[in-house]
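The domain 'Thiamine phosphate synthase/TenI' annotation in TrEMBL covers 10-189. Positions annotated as 4-amino-2-methyl-5-(diphosphooxymethyl)pyrimidine binding site by TrEMBL: 39, 40, 41, 42, 43, 71, 110, 140. Under the heading Mg(2+) binding site, TrEMBL lists 72, 91.
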Ligand SMILES: Cc1ncc(COP(=O)(O)OP(=O)(O)O)c(N)n1
Ligand SMILES: Cc1nc(C(=O)O)sc1CCOP(=O)(O)O
Ligand SMILES: [Mg+2]
């Protein structure tokens, strides 16, 4: 269901950035340097700011041919015409999201350290499954931890496997070798002194 988008590569996720100009400038650098997918995630902004920032990111993503996926809120994705949504355990059901966003939308599901959740997610309409956290994450220090073995165990699900959590250009190759199709990164890209250079370092892992 994600077929017209790249099925491998760097999946960048935005940080909690309140300054929209800075957000757009950093995302432009990252997309220009070869990121394959972008997720808009802002856990601290108001609903109005999230709508404003997500709307502003959409033409930028379109210019670079990169899908824009909205974290947590499939209704926002539908409202602005984004390419998909990412739902975790507290973010509602996949079924209504798929019914509203349509068959070609990218619909991601957090599966943490659980293959059973991944199987259920695919049955409910997920177009990719995400596992993590594989390493200690400064963004989410309390994230439960997953083993890379899970990525191999999920090989037969028929959807891309996304790895997340504390991923760096040094540890990404091990996850890719274990079966990750995309690696999802926040701080390793957006906290780097040069986000474009950091992006290229991840892209070179594939
Ligand atoms: C690609 C990807 N994987 C996992 C998550 C985490 O989702 P969730 O557990 O809902 O946590 P929050 O991101 O909402 O804090 C994700 N966003 N993206
Ligand atoms: C948002 C998120 N979800 C995780 C999970 O394990 O489900 S880990 C995580 C944080 C990812 O950020 P960073 O690349 O800075 O570690
Ligand atoms: Mg969530």
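Just so it is clear, glycine is given a Cβ too, placed from its N, Cα and C backbone atoms.
TrEMBL: automatically predicted annotations, no manual curation.
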Cα separation, residue 72 (Mg(2+) binding site) to residue 39 (4-amino-2-methyl-5-(diphosphooxymethyl)pyrimidine binding site) (Å, whole number): 10
Please give me the CB contact count at 10 A for residue 41 (4-amino-2-methyl-5-(diphosphooxymethyl)pyrimidine binding site), counting all chains in the structure. 21
From 40, 43, 91, 110, which binding-site residues have a C-beta atom under 6 Å away from some atom of ligand 2? 110
Report the binding-site residues (39, 42, 43, 72, 91, 140) that meet this criterion: Cβ distance to the nearest atom of ligand 3 under 6 Å. Use sequence order and write none if nothing qualifies. 72, 91
Here the Cα-Cα span from residue 42 (4-amino-2-methyl-5-(diphosphooxymethyl)pyrimidine binding site) to residue 72 (Mg(2+) binding site), rounded to a whole number of angstrom, reaches 10
Just to verify a number: CA distance, residue 40 (4-amino-2-methyl-5-(diphosphooxymethyl)pyrimidine binding site) to residue 91 (Mg(2+) binding site), in angstrom, no decimals. 15
For the 4-amino-2-methyl-5-(diphosphooxymethyl)pyrimidine site as recorded (39, 40, 41, 42, 43, 71, 110, 140), determine the largest distance between any two Cα atoms, in Å, rounded to the nearest integer. 17
Which secondary structure state does DSSP assign to residue 110 (4-amino-2-methyl-5-(diphosphooxymethyl)pyrimidine binding site), in the simple three-class scheme? strand
Where among the binding-site residues 72, 91 do you find the Cβ with the fewest other Cβ atoms within 10 Å? 91
Listed binding-site residues among 41, 43, 71, 140 whose Cα sits within 10 Å of residue 91 (Mg(2+) binding site): 71
Spacing of the two Cα atoms, residue 72 (Mg(2+) binding site) and residue 41 (4-amino-2-methyl-5-(diphosphooxymethyl)pyrimidine binding site), in whole angstrom, works out to 8
These are the binding-site residues: 42, 71. Which one scores highest on other Cβ atoms within 10 Å? 71
Among the binding-site residues listed here (43, 140), identify the one with the smallest other-Cβ count within 10 Å. 43
Where the C-beta lies under 6 angstroms from ligand 1, the matching binding-site residues among 40, 42, 71, 72, 110: 71, 72, 110
